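Visitor: Before we start, here is the structure in question, set down as structure tokens.
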Amino acid sequence: MRLFKLQLILFLFFTSISLSYSQQYRNPVTIPPALSGNFGELRNNHFHSGIDFKTQQVVDKPIIAIEDGYVSRISVSPGGYGLALYVDHPSTGHTSVYAHLNSFSREIAEWVKEQQYRQERFSVILYPEPGMLPVKKGEQIALSGNTGSSGGPHLHFEIRDTHTEEPLDALEFLAKIPDTRKPNLQGITFYPILEKGVVNGSGNPVRLNISKDKAGNPSPLGRNIEAWGRIGVGVKAYDRMDGQNNIYGVKHIRLFVDDRQIFNSTISRFSFADTRMLNTFIDFEDWRKRRSFFMKSFIEPGNTLPFYEAENNGYIDIDEERPYRFRYELEDHYGNRLTYNFTVDGKSQSIPQRPDCNNWMAWNLYNSYMEMGFQLQIPKGNLYNDFCFSHSTTRSRNHYSDLHQVNNSPVPLHDRADMWIGMHTDTLQNKKNYGIVRISDNGSESWVGGEYVRGGIKISIRELGDRYAISADTIAPVITPIEPAIWVNQKRIRIRLRDDKSGIASFRGEINGEYVLFTHDSKSSIYTYRFDDSRLTKGQQQVLVFTVVDGAGNRSEYTYNFFY
């Protein structure tokens with residue numbers, strides 16, 4: 001009896017802790033909460049790890065600590081999260097993250113600036129000692145912004161498990177945001193499994209767009225679907241929220257066949273090490289070709305994402321000539337649900353055989369490919385499924401190598417593969433000027449870079465399906481001062497940098513031989529130094545030297561004398 005009472009007390013205690021999070025955590029913004037993005041949304045090569053709070057299309061809204069804790073990490077970067085704060089909350093085992101900030105609170109900002117001068121660099125990742133920068137629930141810790149890889153003013157907010165650093169769905173720990181709108185269905189794709197299935201007489205996927213009736217409900221499928229053997233299904237859908245025009249990710253996706261649940265995915269947490277598995281969660285080829293997110297309701301062999309429940313990995317065996325009743329249930333965080341019924345007719349038909357291929361690559365093995373002037377090595381653990389690799393070359397007079405088409409169709413890699421391209425022309429003395437470029441269908445080039453090795457260039461790539469060649473960048477970046485005549489009056493220096501090929505790799509500003517802090521955001525070509533009288537001796541001639549190096553090692557320097 002005592003043991004039972006103890007177990008009951010412990011159960012109620014831990015249950016009360018989990019239920020009280022939503023009451024403990026306050027919203028990180030002081031304005032009425034409205035979201036522009038939710039947890040687990042599908043993004044380019046990753047799941048969205050937080051929720052995005054709107055800030056009324058402006059910067060400098062107060063950002064508030066959601067709970068007592070201390071600053072455990074600070075990140076400053078021209079891209080990514082821009083200015084970001086990480087606050088540990090020992091009482092709950094969570095870490096809250098506040099990103100794309102415009103500025104930190106005064107105490108935090110002063111400490112960060114001191115560390116930037118100590119390291120003599122703008123981009124820093126800092127780990128203050130636990131308790132050195134304590135915060136209280138409700139305390140203003142920053143101002144909202146648009147820094148880093150942000151497409152507009154907002155707060156990117158996360159709640160993470162402090163121990164594992166896995167992001168959690170923050171909506172589970174905050175006060176409810178009004179939402180009565182159910183998800184929206186846009187399309188369904190049927191996938192015949194290679195050598196095992198067929199759909200409408202073909203081994204290729206069959207994609208159907210779903211229109212809406214006058215009431216706004218999804219209409220029936222636009223054509224009959226006849227299948228035989230093993231197939232998979234995918235769905236294109238998004239969610240809405242009350243009073244907002246944004247679209248959001250769908251938290252729960254369930255697929256039933258003849259009233260039996262075959263597949264369920266619920267995105268509540270994931271590991272950053274697994275976030276690129278988004279590319280097997282979706283139809284990657286369709287995303288690359290049409291920028292469309294179809295979510296697969298089956299699990300490929302190399303997919304180890306943790307948020308699935310599936311029978312037979314979600315694959316469906318059509319082995320009787322009869323109608324199969326399918327049903328999708330799409331549900332958001334607040335329980336708003338869309339149900340969609342459709343039918344697949346079982347019809348015996350010939351299943352296409354595996355096409356001839358000399359270069360099959362297995363998802364669970366180390367794979368390599370070599371021929372004259374080209375090498376590719378894909379370590380084990382990078383593929384999600386087997387595929388037939390292809391490679392072709394075209395002679396190019398405009399490059400230092402042939403053009404290499406590395407696979408005909410897009411294939412994602414979980415981490416990286418090593419690729420080496422040999423040169424047919426090697427005339428530059430400075431080998432750092434060489435680099436591999438990715439060539440789009442319209443002929444435009446983007447610099448990838450790489451290392452000169454054995455008469456060629458070696459790089460790491462993260463997907464297949466692109467065209468590459470070796471190019472060179474021998475032109476130094478261009479430094480343009482912006483209105484230097486008013487620098488002293490405005491107590492700031494502004495410089496514009498431009499590099500047309502390999503991009504800016506590093507920059508440094510000095511006044512009278514001492515490092516000065518120039519700030520930069522990746523969305524802008526402008527670099528700014530604000531006069532710091534605590535570090536700048538006034539009443540004398542000042543000599544500014546600004547240097548910049550691009551991705552191919554080309555260097556430029558600008559010098560300017562002024563009195564301050």
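From the backbone N, Cα and C atoms, a Cβ is placed for every residue, glycine too.
So TrEMBL says this about it:
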DOMAIN    47-116  domain 'M23ase beta-sheet core'
DOMAIN    135-163  domain 'M23ase beta-sheet core'
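In terms of burial and nearby residues, how do these features look in this structure?
Guide: Helix, strand and coil counts under DSSP for the domain 'M23ase beta-sheet core' (47-116) come to 11 helix, 34 strand, 25 coil.
With a cut-off of 8 Å between Cβ atoms, the residues of this chain six or more beyond the domain 'M23ase beta-sheet core' (135-163) that come close are 25-26, 28-29, 36-37, 49-71, 77-85, 87-90, 93-105, 108, 169-170, 173, 269, 521-523.
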Visitor: Can you give me the average pLDDT across the domain 'M23ase beta-sheet core' (47-116), rounded to a whole number?
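Guide: Here the mean pLDDT over the domain 'M23ase beta-sheet core' (47-116) amounts to 98.
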Visitor: Can you break down the domain 'M23ase beta-sheet core' (135-163) into helix, strand and coil residue counts using DSSP?
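Guide: Reading the DSSP string over the domain 'M23ase beta-sheet core' (135-163) gives 0 helix, 15 strand, 14 coil.
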